[in-house]
Structures are given as C-alpha cells and as structure tokens.
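Chemist: So that we are looking at the same thing, I have put the structure below in structure tokens.
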Amino acid sequence: MGKGTPSFGKMNKNYTHIRCPRCGRHAYNVAKGYCAACGYGRSRRLRRYSWMNKKVNRIRIR
C-alpha cells in the first residue's frame, strides 16, 4: 500500500483517548499523556473555566 488516501484509513485503529484516572471521563490522551477534560498529567490543579458552565438569567451557575 502506498502513501496516499488508502493509507489514511489505517490511522483510526488504535485508541486516542482512554478513561482518565482522576476524573473518570473518556478524555485521557494516550499519546500526549494528559486529560483533555480535567488536565491530569499536565497540571496538579483541576482544569476549570467559567465558560464550561451554562448561564441562566445572565448568572453563571455551577
């Protein structure tokens, strides 16, 4: 098999994300070694932003 379009079909065989040890979500990137949801592996502090929560009546709820 060459290096063109047919080869790109073989790129989705392995796992990109597994279950995170800290938050339990399916967002731990095996190749990069950190969780996309909570930041485990990249930071000791929990990854948290204000835009993650939904606004109701212009007040951000948790």
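Cβ coordinates come from backbone N, Cα and C, glycine included.
Below are the features I grabbed from Swiss-Prot:
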type: BINDING; residues: C20, C23, C35, C38; note: Zn(2+) binding site
type: ZN_FING; residues: 20-38; note: zinc finger
Chemist: Restricting to the same chain and to residues at least six past its boundaries, which positions have a Cβ under 8 Å from a Cβ of the zinc finger (20-38)?
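Modeler: Hits for the zinc finger (20-38): 46-47.
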Chemist: If you count the C-beta atoms lying within 10 Å of each candidate's C-beta, which of the binding-site residues C23, C35, C38 ends up with the smallest number?
Modeler: C23
Chemist: List the helix, strand and coil residue totals of the zinc finger (20-38) as derived from DSSP.
Modeler: 0 helix, 4 strand, 15 coil
Chemist: Write out the long-range same-chain contacts of C20 (Zn(2+) binding site), meaning residues 6 or more apart in sequence whose Cβ is under 8 Å from its Cβ.
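Modeler: H26, A27, Y28, C35, A37, C38, Y40 - these are the non-local Cβ neighbours of C20 (Zn(2+) binding site), listed in sequence order.
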Chemist: Give the sequence-ordered set of same-chain residues, not counting C20, C23, C35, C38, with Cβ within 8 Å of the centre of the Cβ atoms defining the Zn(2+) site.
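Modeler: So the additional residues around the site are P21, R22, G24, R25, A27, Y28, A36, A37, G39, Y40, R47.
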